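Below: one structure, written as structure tokens.
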Amino acid sequence: MLLSGVVLGILQSKRFSVAGLRKVQGATLRRVVVIVVAQYSIVLLGLIAAFSATREHRNLPPVRDLGLPDLLWGVFSFHLSPPAGSVLRLYVILMLLALFTYFLLARGWWIGALAFAVALYGAGYVFPQATAFTRFDGGIGANWATWQLMFTVALVIGWYWRRNLVAERLTKASAWVAVICTGFVVLAYIGEIQTPRLFTKVMFAPGTIVNAFAVVTLMFIVVTWTLRVLPRWVFRPIELIGSRSLDGYLIQAAVAVVVPSFVVYANDSQFALMLALATLATCWGWAEMRLWNRNRLRSHSLPDDYVRRTGSRTELATDGHIQPGTEVRR
């Protein structure tokens, strides 16, 4: 969630500088539609599995005793989303809130964006029943009003990422940043034991937010150091899977809903390990296929004078960086 906010902020800031706010909000609304369709797909898959499964498990919605009106409402409201595939409904709300955040950021009102996010966080923390999703068993699920604070802060950071040279500054002071972040992580570990209320994940308490930023920043530093000694192709699977994160999420959600409906296995068994590796390999293979297909379509759409000048039908990315697996001929 935090990484998504940073990446979206970087991409939409660039889009805003090139095409303006309307293009940013239009792209966001199109993404919302895609996420809604994806969430409904997971809900429908859960319904099919629930009616055809040979065994019950936590990712199957309790639909056998529901009447048709309750069933339709459960589908429409995302209430019947399987736990393994329910985060997309949270993303829908976060993306809609991002429309307002972009409006403020486009005018330079980043303080107003953060103030609104903090106020909404406070309201959700005090009145969780009004802003939290409901689980199958009637309990309180993820609280979108508290989760949005981390997402909005990450969005603001991403929006100013290039302008304020955030990556360069973190890299320049990487040793100190790593020490500070490690200290926060250790304190969070101790705090979670001593004061668990400040580190609840469902409510996304303040300690959880601070710890999330510390962990992600530390990961950024570690990856930066690692890239200095290891070739980039080592990270190709992670990079490609991350570039198709929605596709990968749908694949893992489908596996989590369908497989336990027909196969009995323990989470620490060898079968579970092989299933996880197979799911990861499927996500990687799918991302490779999407990349190959995109490059193929782009190569056919390039003008002939580009091919004559470069000797290649492979196009560079719009931001000037070569896409993974791209062939460049001089």
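In case you wondered, yes, glycine gets a Cβ from its N, Cα and C as well.
As recorded in TrEMBL:
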type     : residues : note
TRANSMEM : 32-53    : transmembrane segment
TRANSMEM : 88-105   : transmembrane segment
TRANSMEM : 110-128  : transmembrane segment
TRANSMEM : 140-161  : transmembrane segment
TRANSMEM : 173-191  : transmembrane segment
TRANSMEM : 203-227  : transmembrane segment
TRANSMEM : 248-265  : transmembrane segment
TRANSMEM : 271-289  : transmembrane segment
- line: For the transmembrane segment (173-191), the distant same-chain contacts (Cβ-Cβ under 8 Å, at least six residues beyond its ends) come to 198-199, 207, 210-211, 214-215, 217-218, 221-222, 224-225
Query: Should the transmembrane segment (248-265) and the transmembrane segment (110-128) be scored as in contact, given a threshold of at least 3 Cβ pairs under 8 Å and pairs 6 or more apart?
result: no
